[in-house]
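**Q** Dumping the structure here so I can ask a few things about it.
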Amino acid sequence: MSVTKKTFGTLADGRVVDLYTIQNASGASVSIQTLGGGIQSIFVPDRDGKLGDVVLGFDEPQPYTDPDLGYQGLLVGPVANRIRSHSFEIDGVTYDLPNNQGTWTLHSGGRFSFNLWQAEVSGENSVTVSFFSPDGEDGFPGDFKMTVKYTFSDDNVLRLDYTANCTKKTFVNMTNHSYFNLSGLPGATIEGHDLMIAADYCTETDGDQLTTGKLLPVAGTPMDFTILHKIGDMIDEPYAQMIDGIGYDNNYCLRKPGRTFGLCARVEEETSGRVLEVYTDLPGVQLYCGGWLAKSGNPGKASNGAVTYCRGLALETQFYPDTPHHDNFPPALMQPGEAFTTATEFRFSVRS
């Protein structure tokens, strides 16, 4: 195992972005950048042992700062996904947040994702990144520190251990926004990937994709991934929970009980033989296939191509979206002086 550090590039304002690469004994690797504390690449073997990059992104840092390019691989905090009316209330106090999408807040306004994080090598196979946000920044209460430890093992398991600390009571919903394409090939889409999500229900959304508080059964709908099948099978089917031309951008309520650590999803890609299993202790996962990305013309990496619609699959482990406005959702309120922790694993393998 080894961890190396190099300069990834420079942002338009002159700030330097570093890149840390964790390489295991077989040569597989994960690269973490200080911009957004994000995943820049994951090279894992196919069934023939050939390494390929299975996450989308860019070969320089500046495009990562463009929200229209989809938060590629970046960490999101303190609250991922949508917050209705760009505000929430705690103990009778209303906190006004950035109105960066429609009439709501998306990914807390993006400050955590589009800024530089502190980073350090924290072991022979791990890198830890952290970001501090002072009380009141973007409307959020309390001095908030988010830390994520990335660990990559010899058996190709990437583990993300999240820790949050805050000086005031606040909501928390941290995630990573990587887009996976297990083919590792430029131009290949994810419509031919097979997907299983361990969930029998999804959260209902309105026309603005904001949760209503209701849970809907997925059985018999285009949202049903209880059994492994191709993503493209029903992605264009008319359904009230899917916006025409956008495809999947929905939260699934995982079958496992509460905050237990368990299987979230499984993805298989036939040509390469690569398999991805996602494990988490969080109650939900957002399935997103890049429907809001441009259909063409976006940049990408030389290794695996442009960042466009259906080129990558995001599985964002999370609390249910807009939890601050729905008391019936699993609670995501953290207390001052009490560290909040969560973990997600991306387990890569191959099938014959």
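Note that Cβ sites are derived from N, Cα and C of the backbone, with glycine treated the same way.
Just so you know, TrEMBL annotations never went through curation; they're auto-generated.
The beta-D-galactose binding site feature in TrEMBL is assigned to Asn81, Arg82, His177, Ser178, Tyr179, Asp249. According to TrEMBL, the feature active site, proton donor maps to His177. The feature active site, proton acceptor is assigned by TrEMBL to Glu316.
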**Q** Do you know offhand how many angstrom separate His177 (beta-D-galactose binding site) and Glu316 (active site, proton acceptor) by C-alpha?
**A** 6
**Q** Using C-alpha atoms only, work out the spacing between the residue listed as 'active site, proton acceptor' and Ser178 (beta-D-galactose binding site) and round it to an integer in Å.
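**A** On Cα coordinates alone, these residues lie 8 Å apart.
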**Q** Any same-chain residues 6+ apart from Asp249 (beta-D-galactose binding site) with CB under 8 Å of its CB? Would you list them in sequence order, or say none?
**A** Gln209, Met242, Ile243, Gln286, Leu287, Tyr288, Cys289, Gly291, Trp292
**Q** Between the binding-site residues Asn81, Arg82, His177, whose Cβ has more other Cβ atoms within 10 Å than any of the rest?
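**A** Highest number of other Cβ atoms within 10 Å: Asn81.
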**Q** Express in Å, rounded to the nearest integer, the largest CA to CA distance found among the beta-D-galactose-binding residues Asn81, Arg82, His177, Ser178, Tyr179, Asp249 named in the record.
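**A** Largest Cα to Cα distance for the beta-D-galactose-binding set is 19 Å.
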**Q** Would you mind pulling the DSSP three-state label for Arg82 (beta-D-galactose binding site)?
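**A** The residue in question, Arg82 (beta-D-galactose binding site), is strand (DSSP, three-state).
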**Q** Restricting to the chain of Tyr179 (beta-D-galactose binding site) and a gap of 6 or more, list residues whose Cβ falls under 8 Å of its Cβ, or answer none.
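**A** In sequence order, the residues whose Cβ lies under 8 Å from that of Tyr179 (beta-D-galactose binding site) (at least 6 apart) are Val55, Leu56, Gly70, Gln72, Gly73, Gly290, Val307, Arg311, Gly312, Leu313, Ala314.
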